[in-house]
């Protein structure tokens, strides 16, 4: 108990300002500038996917990428260049010690042919927080966003316009120290690549998934780095995902603590739409307590629901005991995950301690999920103007 309490105090006081633990040169105000952006167009453009051609997530890349190098002397000039392999020293710290972070966001092409990014400011905020946590160099968020906008502008013909498609944007920042010592890197590399994508899960946006909830596996913990988007958080989940598939489930429901708190679904945030034990209809999602990744779509669903004002919206711990009781009493309406890749994903079954728990999400419409999906689609594809969208 004492250790847990100390961990929570440490998380509150120090994880919010991790730059205090790193050398000051990484957090100087200097940054690369979009005005200095250099452009080298490809001489060998790739064949673009044709109309109706399946867009498997993360398999197809556009013609160009953004690259910015950093050393302890500061940032170099940003450049847009032909998509190409990286050249890394075999001792690069990103390869050995996971000094790497990434982001994921989407650009959408509306019927007016305007390309728009969805709430990219939140991604820039989160990326900078992740950089500070790893003692990687700071940067100006608006300058990076402008460089990304220019990159998308160069490859705008790659943005698909079919229903459910988008351009996935993957910014990455890695330590590139050519040394086997575990230390703050004096070299780093920031790059951005683009992928035209379709729906994340086979079957479309309303295909429900089943979850393996095994308390033997833990994704993140208080005082750790589960609330940052770091590459090292994802590799260890592959084995558990394979175990879920072996047991007939599509995804993993990550549990935490002796009371088996619901935290995340695969790489998604989790929501429960139910009648609380006090009789009030509510939408609940776990709080940002250091274990949960602050998802952009998560925040968007909370914002939308609060705007509607039709039911209680709350960030609160959810335990498996509470979920089991609510299922037995018929109070659960919908359970779903949210994330940039999948947007909103229904859950229809949870395998927990050899028990198959039926979740009545699909029997209930899923009314709330479909409403969220409709609202997001109208905003993202420019069907109605919204301040969340950033024009390219």
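Yeah, the Cβs are placed from backbone N, Cα and C, and that goes for glycine too.
Pulled from Swiss-Prot, these are the features on record:
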TRANSIT   1-27  transit peptide
BINDING   168  substrate binding site
MOD_RES   229  N6-(pyridoxal phosphate)lysine
MOD_RES   321  N6-acetyllysine
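In this view, residue 168 (substrate binding site) is surrounded by 22 other Cβ atoms within 10 Å of its Cβ, with every protein chain counted.
Residue with the densest Cβ environment among the modified residues 229, 321: 229, by other Cβ atoms within 10 Å. Under DSSP, the residue listed as 'substrate binding site' is assigned to a strand (E or B) in the three-state scheme.
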